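Shown next, in structure tokens, is the structure this report addresses.
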Amino acid sequence: MPLIQYWRVLPRPLRIVAGRLIMIVPQMFGVMLVTFLLVRLLPGDPALLMLGNMATEEQIIALREKLGLNLSVYEQFMQYAGNVMHGDLGVSPFTSNPVVVDLLERAPATLELITYAMLLTILIGVAFAVISVIRPKGAIDYGSRVYGLAAGAIPDFWVGLLLIYFFFYVLGWAPAPFGRVDALVTPPPTVTGFYTIDSLLAGDLNAFFSAVGRLLLPVLTLAIVNAGALMKMTKTVFADAYRSDFIRHQRACGLSERTIVRSALRNSLPPIITLVGFLFGFLLGAAVLVETIFSWGGLGQYAVQAVINSDYAALQGFVLVAAAFILVVYLVVDILYELADPRIKV
Amino acid sequence: MSMTISTNQEAPLLVARDLSVKFDGADKPALDNVSFSLHRNEVLGIVGETGSGKSVLARALMNLLSENGRITAGDVLLDNQSILGMDDNELRRLRGGRLALIGTNAKSLLDPVETVGSQIVRVLRAHRGGSKRAAWREAVDMLSKVGIVNPERRARAYPHELSGGMAQRVVIAMAMITSPQVVLADDATLGLDATIQVQVLDLLVNRCRELGLGAIIITHDLGIVAHFCDKVAIMREGRIVEIGPVGKFLSGPTQAYSAELLEAAKVRPTPVVREARETSPDVKRTALLDVSNLVKHFPIPGTNEVVRAVDDVSFSLARGETLALVGESGSGKTTIGQCLVRLLTTTAGRVTFDGEDLTGMSEREFRQRRRRIQMVFQEPYVALNPRWSVANLIGEPLALLSAAGSVNKTKRIRELLDAVQLPVRLADAYPHELTAGEQKRVGIARALATRPDFVVFDEPTTALDIRVRAQIIDLVRDLQAEMGLSALFITHDLNSVRSLAHAVSVMRHGKILEYGPTETIFASPQEEYTKTLLKAELPIEQSQVQRERAERMLVGEMR
């Protein structure tokens, strides 16, 4: 009882964050259970599957021993959980690197790509939606309608190829679509894994501009494809808010148009936050085609390779990282959502 | 007094000259040659039924019509300056700065995700600039001036945490904070209970008089006009039918329509015969509903305190009897109603219905009883699914009855439409296509669909036009007589209590203060609070103060 009383007197934002953070523990446990079962549930002998048809009897027995397959399921899970806690996700037989090393190299590449893509998506989607609502029948309004129709229909790899054709091949404005920095530029020392940030931290402007240049086209590709959905939804929500009674009243109170737009946008935030969170989580794996076109060396490519090669350790690692990432994104979404709307009870 | 005399010789503050407004696609103009003038220190009442163009007028005066509306002719002059010739920036400063609008349903007028204090600050700074800190102090100060207790804390509240009356005061504070020249109150007290209505209007009119502002009160309550206004304009179909001093209008309206309106408002229905008591003394004593020591607490977020919304309330209700619960908003009336139909769980106490204890029942057991216990919700439009047709809405509760074939269902929907006097052609209409009165009727039909024994009516007559309100009262009276319904009637409309309820419980702060037969309570109230409540009912005749004021103004004009 006294515990509940402490809880009630906490300020609302603190209760929101604390409540969500506590939930992350069982959720993470669930994720580990699922990735563990992912391999155990495959038909046949995991050791055989992992080693392939060419494996010798001794190798299989050795791997079974190593994987602890002769232990009970409960013990196996404890062992797996223990390994994960220590950052041991096994070794990929194809890259012969520990999976953790591979993931640590590739995850930042994808994260950098989709983070900037998301920021640009929000900028394009929200700006177009707002302008087309407050200036109906203007050029932006008509343009955004055409775009809204087209955006759902064009595949991302095609947009990527078009951009490469025009901006790299025809106009020569963009750098070649090969990786995250120019081959002649040394990547900055890893701090965050984001080349744009690391190069600035290292004071290496050359690497910075090279990284930004390489990011331009793939980020633009992802933003163009995904901003359409965000724009359409924002438009609906924002138009409702913009025509509501309280906005009319604000206008009757003589507030400036800027204040009014901001207030209407502030009121349309909750669904926007949800969709952005969803898109962000979705892009982690869905950016794979764009990654491939731009030889990005990201997570999506790694996962596809792992599937093609039946590389179970790598796949397991990818699923774990992806699930943890999505958990974090949704955690942030939930927290922002409740902060954005004071009417939600915590 | 000398001021009153001098002001009337000045040029009028606000003039509407042959103002006409048309909406795209409408055959008839929404406003048709409307002319009037408003002086400093004058209160003009504009009266009309829904659709008469009162609200359009208010918006046209600020040059703030919705996209498809245009001022086709005429002009509006504020201090001899035409508002039609103003550029965007001048208009922005006019709205809220010189001409402030106080709208209906204050809760929907406030930004739901901002604290009310910062919303007032926003308005003040839009017109006068200044630091946030100073503006916040002024906002808190203004909140206390409009009668909000604990303004420091309330300023940090969000709109959904306020009651309707409190939200209305916030909107008034928003209008007053810029010290405008003219205040437009568009049905500003609609839906508030009588005591609050009088307080809010007293406050509004007194502030206007203190500062020498002009005020326009748009309403459909002639009691308000009689009590607060100097001049009255009667509107119908976009035209001003009659305009003149209030005293003159009340003693003898010159037009047939205004006379009819005045007559309809003056009607005081006689109380219903107390059939339940008359039939047989044995039947009447079996209580259908018995509530004993009901308690409902709500936790206050951010603290460990609770609001005692219902604080140890007991009453009982005989078969065929109607009990009215009256009191200010926040007195716990609606909470009791919602506890009875189990929309809220009770904190303590017992509710016995037809001999069975409802409070101890599981949700599943209670579902069986829902057929017999129904509720008519306060805001009909909010309570109806906007995507369902009337027939579906009325048909939905029929699913609670076990044997309802589709043929039977259609027949029953017809019957229900008849019972609430809705034309059959409305069966396919959607809620937004209905008028407020028709929506109320659909709400009532939904509640009656399962032939309940007991119905909770939550504010069935609020926010309705005078003539529609009278019709709803008649409807409920007929239903009581025909179906022998027992009802709990939650309201602050004392006039309808007199014509509908057998007994009255007066509530305040979650407790029942006074209980008794309707006639007794109205004739000789015991509690001081009940007397205040009864006094807040505005009679349709001018008060002494207003009469004297009118005489002074007349003298002034003649000099």
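The backbone N, Cα and C atoms fix where each Cβ goes, and this holds for glycine too.
Taken straight from TrEMBL:
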{"type": "DOMAIN", "residues": "A:107-337", "note": "domain 'ABC transmembrane type-1'"}
{"type": "TRANSMEM", "residues": "A:21-42", "note": "transmembrane segment"}
{"type": "TRANSMEM", "residues": "A:113-134", "note": "transmembrane segment"}
{"type": "TRANSMEM", "residues": "A:146-171", "note": "transmembrane segment"}
{"type": "TRANSMEM", "residues": "A:207-225", "note": "transmembrane segment"}
{"type": "TRANSMEM", "residues": "A:272-294", "note": "transmembrane segment"}
{"type": "TRANSMEM", "residues": "A:314-337", "note": "transmembrane segment"}
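With a cut-off of 8 Å between Cβ atoms, the residues of this chain six or more beyond the transmembrane segment (A:146-171) that come close are 128, 177, 216-218, 220-222, 224-229, 231-232, 235, 287, 289-290, 292-294.
Highlighted: of the candidate stretches A:21-42, A:113-134, A:272-294, A:113-134 has the greatest count of Cβ pairs under 8 Å to the transmembrane segment (A:207-225).
Within the same chain, residues 140-141, 143-145, 147, 194, 196, 215, 218-220, 222-224, 226-232, 234-235, 238-239, 242, 257, 261, 265, 272, 276, 279-280, 283-284, 287, 290-291, 296, 298 sit at least 6 positions outside the transmembrane segment (A:113-134) and bring their C-beta atoms closer than 8 Å to a C-beta of that stretch. When Cβ-Cβ distances below 8 Å are used as the criterion, the transmembrane segment (A:21-42) is approached by residues 49, 73, 76-77, 80-81, 84, 312, 315-316, 319-320, 323-324, 327, 331 of the same chain, each at least six residues removed from its ends.
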